[in-house]
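I have placed the structure first, in the form of structure tokens, so that the comments after it can refer back to it.
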Amino acid sequence: MRRMASAALRVLTQQASGAASAQPTLVASCPLRGLSGAAPQARAAGVTALRPAWKAGTPLSRCAPASACLSMLPSRLSSSMCRAAATEEAPAKEETFEYQAEVDRLMDLIVNSLYSNREVFLRELISNCSDALDKIRFLGVTDTAAFKTGEELEIRIQADPVAHTITITDTGVGMTRDEVLSSLGTIARSGTAKFAAAVKEAKGDANLIGQFGVGFYSSFLVASRVTVETKSNEDPTQWAWESTYGSNEFKLREDTGEKLSRGTRITLHLKEDAHDLADDKKLGGLIKQYSEFISFPIKLWSSSQDYKQVTDEEATAKKQAEADEKAKSEEKEAEKVEPVTKSEAETKWDWTIQNDNKPLWTRRPREVSKEEYDSFYKTTFKEFMEPCAHSHFNVEGQIEFTGLLYVPGMAPFDQQNMGERSRNIRLFVKRVFISDEFDEDLLPRYLSFIKGVVDSADLPLNVSREILQESRVTRQIRRSLTRRSIDMLMDLANKEPEEKEADPSGMPAGDYMSFWESFGKMIKLGCIEDQDNKTKLADLLRFSSSKSGDTLISFKDYVGRMKEGQKGIYWLAADNKTAAASAPFVEGLAKRDLEVLFLTDAIDEVAFQNLSKYGEHNLVDVSREQVDLGDSAETAEKAKQAEEDLKGLISFMKDTLGDKVEKVAVSQRLAESPCALISSQFGYSANMERIMRSQTMGDNKSMDYMRSRRTLEVNPEHPIIQGLNSQLSSGASNAKATAELLYETALITSGFSVDSPKNFGSRIYDLMASSLSSSNGTSSSSSGSTSSIDDATAVEAEVMQEGSADPWKQ
């Protein structure tokens, strides 16, 4: 709605400006004399504009003689107007003017559609005051007489809760009568923009805020009537402008009220639903929110409580009476007691400066100390912990802006709520706060924890200065802020101490490790979402590994201790570090002294799949097939021979398990486990399957398809596999239950879940019963529950008779 309003406002402004261009400029000495050099068509338009004033009897000519204006008027009007001029030489006390064309529609758009928050009226009016003060300060550089009416440059704001008014006064440049008519009688005509253009032509530099010319009319968001009193050095008369909300006209008169030495005083007569704004505490909060960093002092007429000690007459009298009574009973002369005091609050009113927190980002970085940066961070963002790092920079070129970014000392409690805006980036335009809701426009989501301020005059805002419009400038600022944020994190990581042991509280030592504990998941999210910067972000990642103990390591640490000839970076995703360390997939790598990274966050596997490699090294998931362990040709030949020896067992197990597995193969990665389930290159790993199962909107059909793409790898050197192969070779027909039990056990040890926990439990219970029966010398046939696991018992007994360790204890 606000975007539509902004577009409509631009169209109507163009129409209004077109109408204005046909009218001559009124001069102070004589409205009619301004028509002398105009073309006939423009002259006629000027006369038409003056007709209402002439009909009201207002003298139009201030010439001496008045006949000097006759040549400019149609003959039927000249004598009448000059007679009116001759009868009254002094200017009228009050004149009524109509706004220019389309103003009623413009005003409706401004009040009802353009602004989403009516409290921004104060921001707009203070910005206008700041511009007026900047103008007089700039003029005073070349003309010291500009300050003859006062050198103090300030803004004063006073609320009257009884009269329901807010008064805003500045000691700026003020306005002449003509400037009042041209600036306040025309919507979307910015006096600031006009002044800035003149300064630019003179090759000067004035830091001005206004650019659209509609900010003043935001007054009608809260006011039913607005009065403007203004005094300029260029005009001996103080003028008063007044207009009412909903009216298509305004009044202008010589001001006979309280005199201004120079500047402007705006009085807002509040609407009934805005009476709560006439409160010094409310206004103080709005000033600190929107205009805290305006360069001129903003003084608010505010109250404070001053407590003083006064005599409590009642308590003193009671104490005196008790003393008199006691003296009387003791027949002594009564003495005067010390007066009893009490604290009494006294309300004091005074002008207090509201913007004493200076804009730190406007200073040069080398001039600001760390203590000042930390203090600014705590004050601006209401934090109690010092930041981990900061970055202060100025960007110049096609766009210019200043940024001051911070890495917080701890994560917010609602960090995982990705649906809410973080409101951590405060956007300013020439030190005027615009909004803190542009964080997603200025930084990617994974950097939403970064806090800071951005100040620029080049931002493409809409007319209400509430919407940041998508543009090339916005994209450039976003890229720059992202790069600066990542560089800041890289600097923090490079300062990381060599020893990264955890402190007694369990938190990692060092600033970067503390940062990682709080925001590590956000960096992993960046590896997924930011394709342009994922390589840089990879250097910020930290992991546990099979060799790191209680410390966390980086990719750089891992690569620095890779074995000679190792090509890949091995990793495994699991629920926790303990589960990863005990997984069957890492047994062969540990035997070969190869380090494995342990990924224990749900987001880790997706991040690694998106990275795919670090430098020249591929990231290799050891739970998937076709893992190259760098074995020699001799080892490969040995594995090929083992596969030939177990050809019958492999075929039998594939037939027994059917569609539960895609294939059965001999493993080179297993060392202690009899078998393991390996995911295909394109199927779900155990970790990903667990994540997908937890999704509310998970696709069961996709799960079934991915689950079927598993490989059962068997360890040819394990006693159970060898015993089962012997049973099968001897013609035993009862090995099917053992194969089923091996498969279900491999599901669990590999991180998957069994299809039927009840059937798996029954097989385990039967095995336990058979084992107990054998140890008691009882015939297995006496147990009614052992018939289904005779094959498993037979294999178990054979293995045990060979003197091997009990494989089920593994």
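Every residue, even glycine, has its Cβ placed from backbone N, Cα and C.
No curator has checked TrEMBL annotations; they are predicted automatically.
TrEMBL assigns the feature region 'Disordered' to residues 312-341, out of the candidate ranges 312-341, 342-371. As annotated in TrEMBL, region 'Disordered' covers the listed stretch 772-810 rather than the other ranges in 226-264, 772-810.
The binding-site residues in question are Glu124, Asp170, and the one with the fewest Cβ neighbours inside 10 Å is Glu124.
Less than 8 angstroms from the CB of Thr264 (ATP binding site) sit Cys129, Ala132, Thr169, Asp170, Gly172, Gly174, Met175, Val228, Glu229, Thr230, Lys231, each of them six or more residues away in the same chain.
In the three-state DSSP scheme, Asp170 (ATP binding site) falls into the strand class.
Residue environment of Gly215 (ATP binding site) contains 26 other Cβ atoms, counted within 10 Å of its Cβ in all protein chains. Mapped onto three states, the DSSP output places Gly215 (ATP binding site) in helix. Secondary structure of the region 'Disordered' (312-341) per DSSP (helix as H, G, I; strand as E, B; remaining residues coil): 17 helix, 1 strand, 12 coil.
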